[in-house]
């Protein structure tokens, strides 16, 4: 059976890619260039798909940045440092992003005759990102199932999982986390200070594993 995985190149979606492949699906990955400062993540998505011999499509919707401004897309907006629970992190919300990406991904899945579409929303995203909440996932499941004759099924298997638990699952699956990128700032090295870096570092610490990615700052593992 065919399945499509929405792949950003970050930890969660890369783990999901391995997970879905491990379940025996014929996997197709789809990624998006939506004007994000951290488009470097797509380089890592490419490398992972090449490593796993998975078909990979990158869709350029750079125009979306003009319609949905965010600290992740606007060059004159600073990406805030801190934890996802901080109110400043709301600046990193890209309005309606996941609905747009999932809608395009659904069209791609239907064109392939795929029965399932996977994306990596997880519990750590809930406080800040409305389009990662369980309520959103359930609503999109219904909408995408009804949107075409095929009855496409949306799956978000990590929606109740913490990042460290996703990491542990990935380690069991043999995920190469050196081929993932999380930092929102998109520099030569991960900054170690933005919300997604902070969450990633904490996940590795809780799992008792050193992150193979290099950081601009020294991390006490």
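Using the three backbone atoms N, Cα and C, a Cβ is placed for every residue, glycine included.
Counting Cβ atoms from all protein chains shown, residue 9 (ATP binding site) has 25 others lying within 10 Å of its own Cβ. Look at residue 9 (ATP binding site): DSSP puts it in coil. Under the heading ATP binding site, TrEMBL lists 7, 8, 9, 10, 11, 12, 13, 14, 15, 16, 17.
For 183, 191, 194, 197, the entry in TrEMBL reads Zn(2+) binding site. Around residue 191 (Zn(2+) binding site), the same-chain residues at least 6 positions away in sequence with a Cβ under 8 Å from its Cβ are 81, 183, 184, 185, 197, 215, 216, 217.
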> Of all the binding-site residues here, 7, 183, 194, 197, which one's CB has the most other CB atoms within 10 A?
Replying inline: 7
> Relative to the Cβ of residue 11 (ATP binding site), which residues of the same chain, six or more apart in sequence, are found under 8 Å away?
Replying inline: 163, 166, 167, 170, 177, 180, 182, 200, 203
> Under a criterion of Cβ-Cβ distance under 8 Å and sequence separation of at least 6, what residues of the same chain contact residue 13 (ATP binding site)?
Replying inline: 5, 6, 7, 45, 119, 120
> Taking the Cα atoms as reference points, how far is residue 9 (ATP binding site) from residue 194 (Zn(2+) binding site) in Å?
Replying inline: 17
